[in-house]
Amino acid sequence: MSTGFFGDIQKVRYEGPESDNPLAFRHYNADEIVLGKRMEDHLRFAVAYWHSFAWEGGDPFGGRTFDRPWFSNEIDAAKLKADVAFEFFSLLGAPYYCFHDADVRPEGRNFAENTRYLNEIVDIFEKKQAETGMKLLWGTANLFSNRRYMAGAATNPDPDVFAFAAATVKTCIDATKRLGGENYVLWGGREGYETLLNTDLSRELDHMGRFLSLVVEYKHKIGFKGTILIEPKPQAPTKHQYDYDVATVYGFLKRYGLENEVKVNIEQGHAILAGHSFEHELALARTLGIFGSIDMNRNDYQSGWDTDQFPNNVPEMALAYYQVLLAGGFTTGGTNFDAKLRRQSLDPQDLLIGHIGGMDCCARGLKASARMLEDGALSKPLDERYAGWNGEFGKRLLSGLSLDQIAGEVEAKDINPQPKSGRQEYLENIVNRYV
């Protein structure tokens, strides 16, 4: 039954590239076959509960701009929010959603009340998933908004905060498992520091390693089959965050022996904040064997902070999904829209329009990347660039020859290499032809 929040808006349909209907897909066709698989199964879109239904439209200089009937800290308001959210999921047609515990339940007086509220909402979600066919891509715990976490959760100097956070994660993993979630995410928004003057760096890293080990142990104990994911971010809200980027996370996982247990959920905007391109982080995660899932959004390149806008840059999406396809595609992961409306976008239909545009943009990027992959448009020039390493001398350099033997061969054969063009402009033009 309709909540009435979205008025008489009908389910979003695919109408093709010529459509001028703002509430229709022009490029995202769930059943279209791309590289032998349905587009929906490639992209595995998810709606973020927090930005879509919990964010109030505030910024550092002003408070709430959105007027939503569920904006109160009451269980009945949380139930109304769930009704509206699942109505939205059904209208949009994305197959997945994601949530933090604090997005879906009221804030209780203590841990027990938080848990009771969460379980009450999970009861509702179970029924709604059965009714709608919606699935949970991942669940997580909000370990950054409440003032108890101002100095971190896993890295807090107070062991009571560590314990409260660990207990909260336990309940959220339970909820995720119960709802059939395919992943569990940890984002350490407060796991970092404002100043080293009051920070024991060694201790905090060890505590963070212990916390993550507890999560992995509990996953196996209860038989949760999903993937544990860390979401890197360099800063904000902390000055420096410990899971800075993919490379940093990999080093952390290696140090604590968790590199085979945990993968990464990579956000476009966080990659930009870390001084990387999105495809760099995806390519590195793929290379290191820890690619898991993505949070899709974009940052304003001039602002210098995390603006969480919906994606609208097709060439960027093509390069991103090219890396996803090279990784073999998603397994348990997917494309979660960690994106929010602008604070002036007040109408309920704006929420649909933002997601529609983002889904169309990703679909165009996927199709372009699939064509590039099929045609060998980028792989053939890459193979040519490194072809020398497939020869006899290249193979001996990598296995067998010592440093003095290499020096001897260079002198004996009068090896005097000349540089070759990297052909960057040619390759960039190829990408532009496909998008």
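Every residue gets a Cβ built from N, Cα and C, even glycine.
What Swiss-Prot annotates here:
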{"type": "ACT_SITE", "residues": "HIS100", "note": "active site"}
{"type": "ACT_SITE", "residues": "ASP103", "note": "active site"}
{"type": "BINDING", "residues": "GLU231, GLU267, ASP295, ASP338", "note": "Mg(2+) 1 binding site"}
{"type": "BINDING", "residues": "GLU267, HIS270, ASP306, ASP308", "note": "Mg(2+) 2 binding site"}
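All features noted in Swiss-Prot, drawn onto the structure.
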{"residue": "HIS100", "record": "active site", "Cβ neighbours (10 Å)": "21"}
{"residue": "ASP103", "record": "active site", "Cβ neighbours (10 Å)": "23"}
{"residue": "GLU231", "record": "Mg(2+) 1 binding site", "Cβ neighbours (10 Å)": "23"}
{"residue": "GLU267", "record": "Mg(2+) 1 binding site", "Cβ neighbours (10 Å)": "26"}
{"residue": "HIS270", "record": "Mg(2+) 2 binding site", "Cβ neighbours (10 Å)": "29"}
{"residue": "ASP295", "record": "Mg(2+) 1 binding site", "Cβ neighbours (10 Å)": "24"}
{"residue": "ASP306", "record": "Mg(2+) 2 binding site", "Cβ neighbours (10 Å)": "19"}
{"residue": "ASP308", "record": "Mg(2+) 2 binding site", "Cβ neighbours (10 Å)": "21"}
{"residue": "ASP338", "record": "Mg(2+) 1 binding site", "Cβ neighbours (10 Å)": "23"}
DSSP state at ASP338 (Mg(2+) 1 binding site), helix/strand/coil: coil
Integer Cα-Cα distance in angstrom, ASP295 (Mg(2+) 1 binding site) to ASP103 (active site): 17
Collapsed DSSP category at HIS270 (Mg(2+) 2 binding site): helix
HIS270 (Mg(2+) 2 binding site) versus GLU231 (Mg(2+) 1 binding site) - Cα distance in angstrom: 9
Recorded positions near ASP338 (Mg(2+) 1 binding site) (Cα-Cα within 10 Å), from HIS100, ASP306, ASP308: ASP308
Chain-mates of GLU231, GLU267, ASP295, ASP338 with C-beta within 8 Å of site centroid, Mg(2+) 1: TRP187, ASN265, ILE266, GLN268, GLY269, HIS270, ILE294, MET296, ASN297, ASN336
Cα-Cα distance linking GLU267 (Mg(2+) 1 binding site) and ASP103 (active site), given in Å to the nearest integer: 19
Distance from ASP308 (Mg(2+) 2 binding site) back to HIS100 (active site), taken between C-alpha atoms, in Å: 17
